[in-house]
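Novice: So that we are looking at the same thing, I have put the structure below in structure tokens.
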Amino acid sequence: MDVHNVEMVMSAVSASQYPTDGKPEIALVGRSNVGKSSLTNTLIQRKNFARTSSQPGKTQTLNFYDVEDKLYFVDVPGYGYAKVSKAQREAFGVMIEEYITSRKQLRGVISLVDARHEPSEDDISMYEWLHYYNIPILVVATKSDKISRGKFNKAESVIKKALGFDNEDSDFQFFSSETKYGKDEVWHWIEQHI
């Protein structure tokens, strides 16, 4: 998709604050600092539209980005950040669960993992949870520019094995915000699901 018009329309913490115009939504989930904002910025061809931060846990609300008046990207708070209080983690969990299990406009979830590492327990739990609710999933292995292309097959195998990857309802893509590798493939998946 050629993107010229993007607007962050709202930050929400509950269903009463979600957009009401019925546009399809694609949610982005992953650990803190896995690259959700960088993926968003690359997809919409903007450098700093979605705020990136070296400080994990920056996103604390569901951020809705209207893309070309056709769909919303929904940036979900990162999980697994130790310095967030237990109460805050629980509140994030409730907010995310409410959104993912009840939002009819949600067409799919892009679940980000770090290409350099085996998925964390949180990554695995998120994948299993999305799979349980029959939500289409694109697993995006970010920071792929940090590993050689010759190691892609091994990295993909490690990630898929750890997640218990199901080829029936899930897809997989390497991605780099530095080189833009995988950008077109991610857009193709999004367009198939909206």
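Backbone N, Cα and C define each Cβ position, glycine as well.
So Swiss-Prot lists these for the protein:
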type	residues	note
BINDING	30-37, 57-61, 75-78, 142-145, 175-177	GTP binding site
BINDING	SER37, THR59	Mg(2+) binding site
DOMAIN	22-194	domain 'EngB-type G'
Novice: I need the CA-to-CA distance for GLY30 (GTP binding site) versus SER37 (Mg(2+) binding site), whole Å please.
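Specialist: Cα to Cα, GLY30 (GTP binding site) and SER37 (Mg(2+) binding site) are separated by 11 Å.
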Novice: Check the domain 'EngB-type G' (22-194) for me and report the mean pLDDT.
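Specialist: Overall, the domain 'EngB-type G' (22-194) comes to a mean pLDDT of 89.
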Novice: Could you state the CA-to-CA distance between THR61 (GTP binding site) and SER37 (Mg(2+) binding site) to the nearest Å?
Specialist: 13
Novice: Can you see whether DSSP assigns PRO77 (GTP binding site) to helix, strand or coil?
Specialist: coil
Novice: Just checking, which of ASN33, SER37, THR61 (binding-site residues) has the fewest C-beta atoms within 10 Å of its C-beta?
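Specialist: THR61, out of the binding-site residues ASN33, SER37, THR61, has the fewest neighbouring Cβ atoms within 10 Å.
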Novice: Expressed to the nearest Å, what is the distance separating PRO77 (GTP binding site) and SER37 (Mg(2+) binding site) at their Cα atoms?
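Specialist: Checking the Cα atoms of PRO77 (GTP binding site) and SER37 (Mg(2+) binding site) gives a distance of 11 Å.
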Novice: Near LYS143 (GTP binding site), which residues of its chain come within a Cβ-Cβ distance under 8 Å, counting only those 6 or more away in sequence?
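Specialist: Once residues fewer than 6 apart are set aside, LYS143 (GTP binding site) is near GLY35, ASP114, ALA115, ARG116, SER176.
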